[in-house]
């Protein structure tokens, strides 16, 4: 069974298809839900590990349906999310003579999805991209909403473009091969949606005994988690495609999260782990400021612990250094740091006036 | 006196301001016609030659109006229109801590405009750009319409994005310092608009004794030429922002033009010179196919000669090589070459079925 979620973005509208084993039905999904046709040459962009697991079957399904599609394998890992690596996609696009009607298929996690999306946004001033996320993080976040980009040597995602996919294909079966640490990282974003947007998702997560690995989740509940998370992202993005306002609430946990990731050189803490600590911090700020109840903050902490995600800041991190990094964050608006704080389970709001001193105290308190 | 042309692109709408000496009024134009404010840091992107002539006065005008603006000078020339050079803009953007509300000012010809526009399209997923074209080509073509981009080592403008400017400021006085060969190149695009869109512009050009240098044109006529050319581009672009259909007619003379440029390694023939020969070729094809009169083609040739632009293909160019390059052109659609042909003075149409044999004959006939 395939669940379809519509992303209502006018001329950029598209669908998200979610279902066990649907990766093999890709050509039928393309035919039914997109204007894309096998006429023009296409690329599947992936990395060697993902390709070994799922590349051949996707490639064969497309080929059998008449697509002239060539693999383009990139090195795995966030440190390769650069313009240099995107140039490899450009080179393949040139070799295969991609045309304006061509398609890039992104088969992989967030790094592959972001780079393939950026290449699609900028090759011939924009060609089609289909996202086939293989990590939990990419399924519930990166693959949806049209944010694409690469890192600058001095900052993440500083170079990028908005470019919506034509279709997102989410097959939970591929999570079987996802490393457990990456599964947990994705769960941080799922918890985020529960806290700032969807109280029912929060309840669903609260009822599950474990959130730290795929094998611990019943298939039906996993599908529900994916569907509700995608719907949450779609709800927000479709109201604010270009991040003029509301979309900022998706940055809950990310302001401090980005600083933590950066201080750990993107290795000590991965994105989801840093966001988990960032949510703990934002939750405490919200409680201190009187916007949120201590009970709600405790319920959030319980979910983060069930997902075996960290809740404290590494002891050797310098709090003043973290505060300085907050000032560098690209969400800076006229030199003020913006925070997203929860005001109820299932509801977050944007706050621009959180006192620096309070942030400092909270960070110190969270140090292990 | 300032002439204003509105570019009606919905939420991407903006204005083109044209007038003698208006470069010094930039801050007032920004205040009156854009939402941009001096609050966030900004860059002026230019090259050393242009900066020497006009940089200081523009910089001072902005600074006096409260803008915190820093110059970012790039090497001049099409061969530097690369991702590597755009990275210098990214680096400056990072150093000056540009924010989402920041602005890039592009002060220069098409190369500066295209790269600055691309950097603006992709820094923080899109910030504002103001175009201040200093070449005739950039004034009547590159600065308007939102096409931005850089070259791939194997092809021009393969990497890019659509990103509309917030304001275009055209000051004909700066053409005084434009090298004559570049002035003539820009005139090729002016003639193009006369042939495929604006019969009155064609008549105006026909009445002028010379078109080859600024000094030969009365100021009033030069302003009219700029205004009508910009209006022609705006008319077409506003009906087809993303080049789905109509906008393709702006490629009149460009299909063969691009092949000629490429074969001359972008040095033997510049863009306008190649387009001039391309228009001669397309005109002859149109006459042979019975779409256009021999008289109209002769009138077009007369304008190209008055602009001292070339009308023949260099003798050592290999015609079969040119035909192969036509197949590579990025305007290829499902392996067919698209031609824009005039059907009357002031009207061009898209044709997909021009026989290769006829193109071959025409190219041979045009060889010097």
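Using the three backbone atoms N, Cα and C, a Cβ is placed for every residue, glycine included.
Sequence annotations record features per position, and here TrEMBL assigns NAD(+) binding site to A:110, A:111, A:112, A:113, A:114, A:134, A:135, A:147, A:156. Per TrEMBL, Zn(2+) binding site is recorded for A:189, A:254, A:271. What TrEMBL lists as domain '3-dehydroquinate synthase N-terminal' is A:73-184. Per TrEMBL, the feature domain '3-dehydroquinate synthase C-terminal' maps to A:186-332.
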Spatially closest candidate among A:189, A:254, A:271, the listed binding-site residues, to residue A:110 (NAD(+) binding site) (Cα to Cα): A:271
DSSP-derived class (H/G/I helix, E/B strand, else coil) of residue A:135 (NAD(+) binding site): coil
Reported mean pLDDT - the domain '3-dehydroquinate synthase C-terminal' (A:186-332): 93
Distant-in-sequence Cβ neighbours of residue A:271 (Zn(2+) binding site), under 8 Å, six or more positions away: A:110, A:137, A:185, A:188, A:257, A:261
Binding-site residues (A:110, A:112), the one with most neighbouring Cβ atoms at 10 Å: A:112
Candidate with sparsest Cβ neighbourhood (10 Å radius) among A:156, A:254, the listed binding-site residues: A:156
Nearest of the binding-site residues (A:112, A:114, A:135, A:156) to residue A:189 (Zn(2+) binding site), judged by Cα-Cα distance: A:135
Between residue A:254 (Zn(2+) binding site) and residue A:112 (NAD(+) binding site): CA-CA distance (Å): 21
Cβ within 8 Å of the mean position of the Cβ atoms of A:189, A:254, A:271: remaining residues of the chain near Zn(2+): A:137, A:141, A:185, A:188, A:192, A:253, A:257, A:272, A:274, A:275, A:278
Three-state secondary structure, residue A:271 (Zn(2+) binding site) (per DSSP): helix
Neighbour count (Cβ, 10 Å) for residue A:189 (Zn(2+) binding site): 26
Residues satisfying Cβ distance under 8 Å from residue A:135 (NAD(+) binding site), sequence separation of at least 6: A:108, A:109, A:110, A:175, A:178, A:182, A:186
Set of same-chain residues at least 6 away whose C-beta sits under 8 angstroms from residue A:114 (NAD(+) binding site): A:81, A:142, A:147, A:148, A:149, A:150, A:157, A:160
Helix, strand and coil residues within the domain '3-dehydroquinate synthase N-terminal' (A:73-184) as assigned by DSSP: 47 helix, 32 strand, 33 coil
Alpha-carbon distance [residue A:156 (NAD(+) binding site); residue A:254 (Zn(2+) binding site)] in Å: 12
Residues A:110, A:111, A:112, A:113, A:114, A:134, A:135, A:147, A:156 binding NAD(+) per the record - widest CA separation, whole Å: 21
